Amino acid sequence: MTIDDSSIISTPTRLEGKYSGMVVCWILGLGSLVSWNSMLTIGDYYYQLFPKYHPSRVLTLVYQPFALATMAILVYNEARINTRKRNLTGFTLFFLSTFALLVLDLATSGAGGLGNYIGICAIVAAFGVADAFVEGGMVGDLSFMCPEFIQSYLAGLAASGALTSALRLVTKAAFERASNGLRKGVMLFLAISTFFEFLCILLYAFVFPKLPIVKYYRTKAAAEGSKTVAADLAAAGIQTEATERVDANAKQLERLSNKQLFFQNIDYLLDLFLIYVLTLSIFPGFLYENTGSHKLGSWYALVLIAVYNMFDLIARYIPLIEKIKLKSRKGLMIATLSRFLFIPCFYFTAKYSDQGWMIMLVSFLGLTNGYLTVCVLTVAPQGYKGPEQNALGNLLVLCLLAGLFSGVALDWLWIIGNGKF
């Protein structure tokens, strides 16, 4: 098949493969964060190995700068980057890094010490680089497709947290009474995560680009001037000779610059930044180190992490109901700013209340995080051409990662003056 003229790209009456695409997007979203969520969920294991090194806070602080710096470089060069190679590179790096984490623990027999801790930090840095490749690439790619795809991808991101939490609770219960049970559970856990990353490589390389609906949207984006989809179209057997000739229809191929997109959507970008500043200033460091001791004992932090992840996942399906999907730009900003009331709520709940109130509060943190994330990322790209939607998707992820990094840095404020440094 050859694209000779954008005029032939008309909307088909029936887009085949939509539901298959949604399933694949969900799994790809799962793979985009399952490695990192694995690190967060096995925090109890790392606190046992490295009790003096604040693992949940330090590892998160290592992860974010690499993700943010890599994402900034990719955003700057977004229009010239081969999306297929970018995403496959990211998923492959996730697979290799997760496998390396497993090998490192096996090679050292689960020993602690500064050397092993530095090795884990290096692997976490690789996770950050992979995250920038995959998350920005996938959100940009899906931004010019149907909203259900990006919603499914974002639900998959949240599902990675819910799934890892559920697996962690199961493995902890299964191996709790066994000799060296905590480590055995973690090994099984990392092996499962490695499998999911390998599955994502196969799905993105051989299944997703061949779905009819995906071919349609990528062909449409190519006709509008996008060069980032050429390799994916080639993998699906579609040649884009005409789209290489920019002078064939210069006016049609014009697109807004990243700077123009930034200022036209500055409120959406600020929304995502503030959503994740707040969330990461509480999750996971505060939940591991600042909630005290309760009846659940060593299960307490794991339960809090699981509750957050479960409600974050549930909330990402709520915007599928159009009547309760928040689309107002002013409404999204007000809702985002209102979340900062969580800060005094968490402070006083940790200081004066019991575990039931904390679990309820964490559930609301997850609900608002998931709901607002999907609303912003599905509403913002509407009304733009394919190349602009791709660029805007990358800008949105850049601001999301900037919010994550800022939130992780602010999370350290919770332990100032409490003798935990």
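Glycine is no exception: its Cβ is also placed from the backbone N, Cα and C atoms.
The structure displayed is predicted, hence computed values, not measured ones.
Long-range neighbours of the transmembrane segment (21-38) within the same chain, counting only residues 6 or more positions beyond its ends whose Cβ lies under 8 Å from a Cβ of the stretch, are 63, 90-91, 94, 97-98, 127, 130-131, 134-135, 138, 142, 145, 148-150, 152-161, 163-165, 189-190, 193, 196-197, 199-200, 203-204, 207-208, 211, 213-214, 309. The annotation transmembrane segment is assigned in TrEMBL to 21-38 (among others).
Counting same-chain residues at least six beyond the ends of the transmembrane segment (58-76), those with a Cβ under 8 angstroms from any Cβ of the stretch are 36, 39-40, 46, 86, 120-121, 124-129, 131-133, 135-137, 258, 280, 284-285, 391, 394-395, 397-398, 401-402, 404-405, 408-409, 411-412. Among the features that TrEMBL reports, transmembrane segment is placed at 58-76 (among others).
Beyond the ends of the transmembrane segment (88-108), by six or more residues, the same chain brings 31-32, 35, 38-39, 116, 119-120, 123, 126-127, 129-135, 137, 183, 186-187, 190-191, 193-194, 197-198, 200-201, 204-205 to within a C-beta distance below 8 angstroms of the stretch. Residues annotated as transmembrane segment in TrEMBL: 88-108 (among others).
For 114-134 (among others), the entry in TrEMBL reads transmembrane segment. Long-range contacts of the transmembrane segment (114-134) within the same chain: residues 31-33, 35-36, 39, 46, 49-50, 53, 58-59, 62-68, 70-71, 74, 86-87, 89-91, 93-94, 96-97, 100-101, 104, 108, 401, each at least 6 residues beyond the stretch ends and with a Cβ under 8 Å from a Cβ of the stretch.
What TrEMBL lists as transmembrane segment is 154-175 (among others).
Sequence annotations record features per position, and here TrEMBL assigns transmembrane segment to 187-208 (among others). Beyond its flanks by at least six residues, the transmembrane segment (187-208) meets 21, 24-25, 27-28, 30-32, 34-35, 38, 41-42, 87-88, 91-92, 94-95, 98-99, 101-102, 105-106, 164, 167-168, 171, 175, 214, 235 of its own chain at Cβ-Cβ distances under 8 Å.
Feature annotation from TrEMBL assigns transmembrane segment to 268-287 (among others).
Residues or ranges marked as transmembrane segment in TrEMBL: 299-319 (among others).
Residues annotated as transmembrane segment in TrEMBL: 331-350 (among others). Long-range contacts of the transmembrane segment (331-350) within its own chain (CB-CB distance under 8 A, at least 6 residues past either end) are made by residues 267-268, 270-271, 274-275, 278, 281-282, 286, 290-292, 357-358, 361, 364-365, 368, 372, 375-376, 379.
Nonlocal intrachain contacts for the transmembrane segment (356-380), taken as residues 6+ away from its ends with a CB within less than 8 angstroms of a stretch CB, comprise 139, 143, 147, 150-151, 154-155, 158, 265, 268, 271-272, 275-276, 279, 282-283, 287, 291, 303-304, 307-316, 318-319, 325-327, 332, 335-336, 339, 342, 345-346, 349-350, 392-393, 396, 400. What TrEMBL records for 356-380 (among others) is transmembrane segment.
Remote same-chain partners of the transmembrane segment (392-415), defined as residues 6 or more beyond its termini with a Cβ less than 8 Å from a stretch Cβ, comprise 54, 57, 60-61, 64-65, 67-68, 71-72, 74-75, 78, 131-132, 135-137, 139-143, 258, 261-262, 265, 268-270, 272-282, 285-286, 289-290, 373, 376-377, 380-381, 384, 421. Residues or ranges marked as transmembrane segment in TrEMBL: 392-415 (among others).
Sequence-remote contacts of a segment are chain residues at least 6 beyond its ends whose Cβ falls under 8 Å from one of its Cβ atoms, and for the transmembrane segment (268-287) they are 40, 43, 54, 56-57, 60, 262, 301, 304-305, 308, 329, 332-333, 336-337, 339-340, 342-343, 346, 350, 362, 365, 369, 372-373, 376-377, 379-380, 395-396, 399-404, 406-408, 410-414.
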